[in-house]
């Protein structure tokens, strides 16, 4: 690589110590007799350890050569070169290895890896082959005292004891099982349901487990491996292999495994095949044969081989037959040739190109199709020329071959140019397909120059870069983050997509016709046949020739037509080529360069500058590319927004206590929560109180201030009016009678008239004499009151103590509580039992999964329009055959094709007919790019809980259904059912690109053109395709072979453009949406009932725990509505040291600690959260209670990045200071009113008394 040798630094000189080395320490020598005894004991133990039954050694040379052979080799080392050569010859002519003669045994890997060695060692006594006709058809393994064998594997277990067992069938899991004898249970595998993502081991090496799927590299594992176990690092079975399916570069395995309950679960990927050695049979001339062993092959009988492939084109073993037919027995091929062997069955062709250098032409490089659906900027072209093969059909890399008027020529690929708006970079070619990377443009042109002639072809196609993610970038960035995407694979591995082939039709070749003297001579190419049709002097000639022949009846070249016939090569089923007459033999070959899942580097927009305000967030955005901004509220109504930001902008949003989330470009989501904070001081002066509450409760504050102002105004007005009224009343008598004067004391004494009420006896006597019904009613009122009071006393004195005692007694065994269904919020409580210390219980849900039951309705993707080569009949009529393909259309057109390239095609002008057929099929990339339509039903809930009961902790998974218990340390826990049946998924959902959408898709079989579901299939690989694309055939243009049509655009593509943000960004309650399986996690909605059954052993006697004799609680610091923003200090005196549970029975405060350590005398610090401005709660420490109360201040931070885990219940939202100022205000108004009323009363008494006196 470099022109010069690298220079390495010289080794440093060894360090020399100038001082003499110290003497070696002396140790006493051991007794030789004792050493001999130790060696003998070691030798005996080694014999006992290794003298066990061992399997037959693997094939191949041993790890170490025998000493004898090594010594012979050393002796022969000094011999001459001649003897060495003789020794080699003798070795070649020596007796054959008996193991090498046994062709039935599979050659094992000479150097198996560590995983393979471990599995082979564990499989030796626990896995047994199933033999069928002397071959291993599969395997049976013994797991957990049971024998498991795949039900689809036929044969007999190679063990007499196990073969005699009577098995039971479980068709749902494709397994047969039986209990093994007691003496064999010691050698069985153990199984486990624990399957963390990572790598596991099986017979062929490593198995990757990710997203609930087991995968291996492609080519690892094949038929005959059904029944093999997959093991973890501890040698436990995690799954049993049943089959597999190739998915690009990896193979997905069909397995049977176990869930957390120990219940068997089967996972089968789509289009999976069973891995037993059941032979797939194919057909040839009414004779069946194994598809992998055809009686003929292409190199020996090409025409017959194509006919055989056509007969079995729909056979499940077509791929095996195709591979075996191309690879003749006895011929070895290089591994690189495997990629190109299929397309040796085909040849290039010439086809019509709509835009050549000068108008339309029949081009050797006609472009059939262009696809650019990946996210990597690559383009896949399908052309009439071929790549990777030379003109003879042999392998030749970086070469293009093409058809030039019947002659196949080749050209180096670097002489072929491809460009859009600028030149493209050609990556590779395979068969009819070419992979290139092109810049953006509205058309794509391919051209090459040969013998000073330039051949080109252009087609209109908008080539553009398809970005992945939430930023619309135009070029892949140098730095960023990796994101899942779809890219075109740069290899030609078989991926399940096919391109249809058929025998080529007859093509007129004027070069075959020549004039020799006065007669016409037709010369067919060597090894091919030609059909000759002539009209000479009223004589019609039609015959097939394979060698040169003269036709003396004809004297002009225009009187004869020569058609090239070829039945040993296929061509692409193009609408630009005529169809062969009669029954056309068709086939299919694999499409290379398909879309595959990959990782793409996507850019990251600059982080927004965030400014926090009171319950608000301001984002200042500076995108480099158009970037999506999506927000939602983490409440029951998400109120999501979705906006594409192209220019610098500022966006303001409201944040509530329930949370708010925003996603900027390809950055991860960020969440913020508002705190109950506000300016001002709830415990300060009136203006500070008003400012504080105005920001917290603006409407309530305005309403309260308005009421207070109205009361004050009314009070002042009423007092003023009463004062004026009293003044007028006082002055009026004096104005009328100036000399009248009444003493004030007399007026006061005379104003109070005397009155005497009746006694109780007199009232009852009056009722008895005048109204006896009312008498009895009055008499029964005290009796009824006495009965009510008696019942209340009975309830208070009897029922409540009974319930308390019963609850205490039941707490010894059962305890029921309810916790919020919100991940991360810890729930603390205690169990009080008479005679025992309180038992603390702490529960923290780490994850809550909501998994709906889904049913796949259908799969939809891009469609591809298939067009049969037009069937042409000269001078005659045709009819359409019955249609059976999806959305198939057929029409017959007359008066077409009077001419074709190379001379006239038909002798007639208007009597010619063409049958055009077009239909719809799934695109080649449907396997990678498709959407799945599901119907969702009832959801199950799983909660991952971190539970602490006393001093025992466990992390467990609980099914929240109210039925499934979980046992740990003797504690039995039952959770559920959830308090609400809410789910973020609608009845109809769509899964696409790893995201879920609520979408009301059409039912199966009811798709509309141009809408989602225009093509529908039950699965990606199934053949039950429904299509409705408004396909209409148009009349072909005279003189050109093609099938024009019109069609609605892809509904799948339109849905991808118009779809709203997925549930990942719009789900209520902050749900996190995932796939595989479809589920919602950590939805903060509802509550989970919990029921504990606690054994007596976990309780502690009261005598063994401390008892507080004196306790005092002080709030050192208190910030309300903040995450454990309160600090309480409890000073105490205890009977002894120990550990005590702490708890607040009311919902006023939530404690962070579940228990505290106590000494005989000291203080304990406890952190708590509260939403109360003036918290006052009883704190229970062991069996004692202490009251804590004080004032709390609002938090300083308006916005925080974590939810508040404080208590949501509180008793007072208004501070005592505010109430004091309010009562003072109302109290002052009341004093004014009272003074006015007193004055008015005095005046009224005075006036009335004066009038009476007068």
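Glycine is no exception: its Cβ is also placed from the backbone N, Cα and C atoms.
Counting every protein chain shown, the number of other Cβ atoms lying within 10 Å of the Cβ of residue 926 (disulfide bond) is 24. The annotation disulfide bond is assigned in Swiss-Prot to 861-926 (among others) on the grounds of similarity to another entry.
Look at Swiss-Prot and you will find 874-906 (among others) tagged as disulfide bond, backed by similarity to another entry.
According to Swiss-Prot, the disulfide bond annotation covers 875-908 (among others). Cβ-based neighbour count (10 Å, all protein chains) for residue 875 (disulfide bond) stands at 12.
Taken from Swiss-Prot, the feature disulfide bond covers 880-890 (among others). Note on residue 880 (disulfide bond): other Cβ atoms within 10 Å of its Cβ, all shown chains, come to 14.
Taken from Swiss-Prot, the feature disulfide bond applies to 1071-1083 (among others), supported by similarity to another entry. For residue 1071 (disulfide bond), the same-chain residues lying six or more positions away in sequence with a CB closer than 8 A to its CB are 850, 984, 1063, 1080, 1081, 1082, 1083.
Swiss-Prot lists 1113-1188 (among others) with the feature disulfide bond, giving similarity to another entry as the kind of evidence. All protein chains shown were included, and the count of other CB atoms within 10 Å of the CB of residue 1188 (disulfide bond) stands at 23.
For the recorded site, residue 1118 (disulfide bond), the DSSP three-state label reads strand. Taking Cβ-Cβ distances under 8 Å and a sequence separation of 6 or more, the neighbours of residue 1118 (disulfide bond) in its chain are 1125, 1126, 1127, 1170, 1175, 1190, 1191, 1192, 1193. Look at Swiss-Prot and you will find 1118-1192 (among others) tagged as disulfide bond, backed by similarity to another entry.
Taking Cβ-Cβ distances under 8 Å and a sequence separation of 6 or more, the neighbours of residue 1182 (disulfide bond) in its chain are 837, 838, 1105, 1106, 1107, 1108, 1140, 1141. Annotation comment: Swiss-Prot describes 1140-1182 (among others) as disulfide bond, evidence class similarity to another entry.
Residues or ranges marked as domain 'Peptidase S3' in Swiss-Prot (evidence: sequence analysis): 126-275.
The S-palmitoyl cysteine annotation in Swiss-Prot covers 730 (among others) and is backed by similarity to another entry.
Residues annotated as S-palmitoyl cysteine in Swiss-Prot: 750 (among others).
The S-palmitoyl cysteine annotation in Swiss-Prot covers 751 (among others).
Taken from Swiss-Prot, the feature region 'Binding to the viral RNA' applies to 91-127.
Taken from Swiss-Prot, the feature region 'E1 fusion peptide loop' applies to 896-913.
The motif 'Supraphysiological nuclear export signal' annotation in Swiss-Prot covers 41-48 and is backed by experimental evidence.
Taken together, the residues in the motif 'Nuclear localization signal' (64-68) have a mean pLDDT of 41 on the 0 to 100 scale. If you look up Swiss-Prot, you'll see 64-68 marked as motif 'Nuclear localization signal', on the strength of experimental evidence.
Tertiary neighbourhood of the topological domain 'Extracellular' (758-772): same-chain residues 778, selected by CB-CB distance under 8 Å and a gap of 6+ residues from either end. Among the disulfide-bonded residues listed here, namely 874, 875, 890, 906, 1113, 890 has its C-alpha nearest to that of residue 926 (disulfide bond).
The closest partner of residue 861 (disulfide bond) among the disulfide-bonded residues, by CA position, is 874; the full candidate set was 874, 875, 908, 1113, 1188. Rounded to a whole value, the Cα-Cα separation of residue 874 (disulfide bond) and residue 890 (disulfide bond) is 19 Å.
In terms of local Cβ density within 10 Å, 1140 ranks first among the disulfide-bonded residues 874, 906, 908, 1113, 1140. There are 23 other Cβ atoms within 10 Å of the Cβ belonging to residue 861 (disulfide bond). Cα proximity to residue 875 (disulfide bond) (within 10 Å) is found for the following disulfide-bonded residues from 890, 906, 1113, 1188: 906. Within 10 Å of the C-beta of residue 1192 (disulfide bond) we count 23 further C-beta atoms, all protein chains included. It is 890, among the disulfide-bonded residues 890, 1083, whose Cβ has the fewest other Cβ atoms within 10 Å in the structure shown. Secondary structure of the domain 'Peptidase S3' (126-275) per DSSP, as helix, strand and coil residue counts: 10 helix, 77 strand, 63 coil. Note on the topological domain 'Extracellular' (758-772): DSSP counts are 12 helix, 0 strand, 3 coil. Residue 1188 (disulfide bond) sits 107 Å from residue 906 (disulfide bond), counting Cα to Cα.
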